[in-house]
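K.L.:
Please read through the structure below; I'll follow up with questions.
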Amino acid sequence: MNQSTDPLPPAGAALARSLRRGYRTNPGLITVALVTTLAAAAPDALFALGLAALVQGVTAGDGLRITEAVAFVGVLATASWLLNVVSDRANRRFADRAAVALEAHVAELQSTISTIEHHERADHLDRISVLRDHADALSLLYSQLFSTVGTLVRLVLTVGLLMSVDPLFGLLALAAVPGVLVANRRSAVEKAVEEAGAQHERRARHLFDLGTSAAAGKEIRVAGVQQWLREQHWAAWTRRSAPLTRVRWVSTAWSAACATLFGAAFLAVVAVAAHQGGSGSGVLRGSGQTAAQVALVLAAGSRLSQFISDSASQTQFFRAIWLDVARRLAWLEDFAAAGAARADRPAPQRIRHGIRLEEVTFRYPGTDRTVLDRVNLDLPAGTVIAIVGENGAGKSTLVKLLCGFYTPTSGRITVDGADLGRIDPADWRRRLAGAFQDFFRFEYPARVAVGVGDLDRIADDDAVRHAIERAGAQDVIDRLEHGLDSQLGLTWPGGTDLSHGQWQKLALARGFMRDTPLLLVLDEPTSALDAEIEHALFERFAAAAHADTRAETGGITLLVSHRFSTVRMADLIIVLSGETVAEYGTHEQLTARAGIYAELYGIQESAYRAGYQNSGATASLFTSTSPDPA
């Protein structure tokens, strides 16, 4: 899925989507908001006519006309107040509901995208950064759209009033066209500059988070880089804001020139109305007509200037913020849907033969570096398989491909012959379990922090305790004051902080909440634990994997570790080097081959023996026998 560089969807289509989504949120409330907002436009525009009628009555000394004009203005004022109050309350209530619905919608889109490439692509992050910064404003799109349409209604009525004095006065509206065109053009220019600077804004936010987080506090102070971080933060914001400030000043200059043009045309119309004596129509006929016409032109013309200014700024803001965010949201919807469209098969209930990689090549999106090149592998059902290799060899990348977090650049991965790319990713993930080196700290009660690994059994204490036991994490729970009910994380009332190793044990327990996965991934999940603890844990789990998953699901277990004392217990070992599979076989086969694996194993064994000559337990890590794979 490589759509991050695709253009945004057309504005009209994106707006239509947003309007349909808003209508579904609350049809009744959005209808009331629309009707009252548009209805409020009429009395607002007709105030100029009431003022002209009042001037005509005063000039002619006509008491009846004065009374009628005052009554007319009073009705307009009352209607305007009432409609605006109802419109404002309806729009506010709808905006609150739309904000919740939109936030949930964006979160759902982000979490249901089948791969994780959108979290790691700079072009995608730049696009999402703008969407995230203005997502709250999207809930106001509907009231802003209604307000813009209402302003256009006011504009049309005002032009009609001017033309009632002289049809040519309607041309005054043309003097405002340059301002509208400039506003639209400058809006697009400013948005392009804003997106171009999104990476600098992300950098500034990253530096701010870094400088204010507890995790980095010790290292920052030891290194003495506080001032350097502040300078880098300021430089990043400057690189982001300086071009935007310049382009906004240019936009201001263009807007001032257009306003000057309209002002000159307006003065010309007023002068003509004052000198022509006119031949008005409607309520302006009769004595005092000329004064009334001048009053009408002054009132309507000044309101016309306001309405045109409002419509220009609203159009600019609508285009720059709301319409742009609507297009980004539509793009995110398309991006999420593209991956789901390919998936038309359920995940199997059991792996009968195995998982196969056929000529799999992978490059991370947006880069030219090949991480894996034409890899061919067979992972038999029911086996425990270890993956080893130097840093950057592609171990974690291979795991991500097998989990479906990425799709191969070329080649394919099959599960019992079925293309993994055609299997429903959500269904496949429900049949996976695992723990990763870059685990997340769920700051919830300990029961939830573990149970979230299988939401269907999150309230099952027996399942949670069994997962904790399998992960060797019971000692962590025993140290907590309230056991499974203990709140984790110091940022919460009564919370308890854990060491990195303790957090990692809970993450491992979370990965063991699913008893019979088709694919269990353990990607360096115990890197913070002692070698002896890791070895004992993996040895026990490898034996359990052979006893349980092979018989029930044909499940495959993947172990990724830099400790060779751990990987030797696997049925098969994959050695990655030079962007491909350099060696593949059992521990005995690979050591007998005297290749890369044998060399790395010998180096690590020697290092352990030299470092722990007096530790029989540690030395025994390299003399333990592998579990019987039969």
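Note: Cβ is positioned from N, Cα and C throughout, glycine not excepted.
Heads up, here are the entries from TrEMBL:
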TRANSMEM  29-54  transmembrane segment
DOMAIN    32-320  domain 'ABC transmembrane type-1'
TRANSMEM  66-87  transmembrane segment
TRANSMEM  140-162  transmembrane segment
TRANSMEM  168-184  transmembrane segment
TRANSMEM  249-274  transmembrane segment
DOMAIN    355-603  domain 'ABC transporter'
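Neighbours and distances for these, please.
P.N.:
Note on the transmembrane segment (29-54): residues 22-23, 65-66, 68-70, 72-73, 75-77, 79-80, 83-84, 86-87, 90-91, 93-94, 97, 142-143, 146-147, 149-151, 153-154, 157-158, 161, 283-284, 292-293, 295-296, 299-300, 303, 307 of its chain, located 6 or more positions outside it, place their CB under 8 angstroms from a CB of the stretch.
Residues of the same chain lying 6 or more positions beyond the ends of the transmembrane segment (66-87) and with a Cβ under 8 Å from any Cβ of it are 32-33, 36-37, 39-40, 42-44, 46-47, 49-51, 53-54, 56-58, 146.
Residues of the same chain lying 6 or more positions beyond the ends of the transmembrane segment (168-184) and with a Cβ under 8 Å from any Cβ of it are 155, 159-160, 162, 251, 254-255, 258-259, 261-262, 264-266, 269, 272-273, 297, 301, 304-305, 308-309, 311-313, 315-316, 319.
Below 8 angstroms of C-beta separation, residues 162, 165-166, 169, 172, 175-176, 178-179, 182-183, 186, 189-190, 290, 293-294, 297-298, 301-302, 304-305, 308-309, 312 of the same chain, each at least six residues beyond the ends of the transmembrane segment (249-274), sit close to that stretch.
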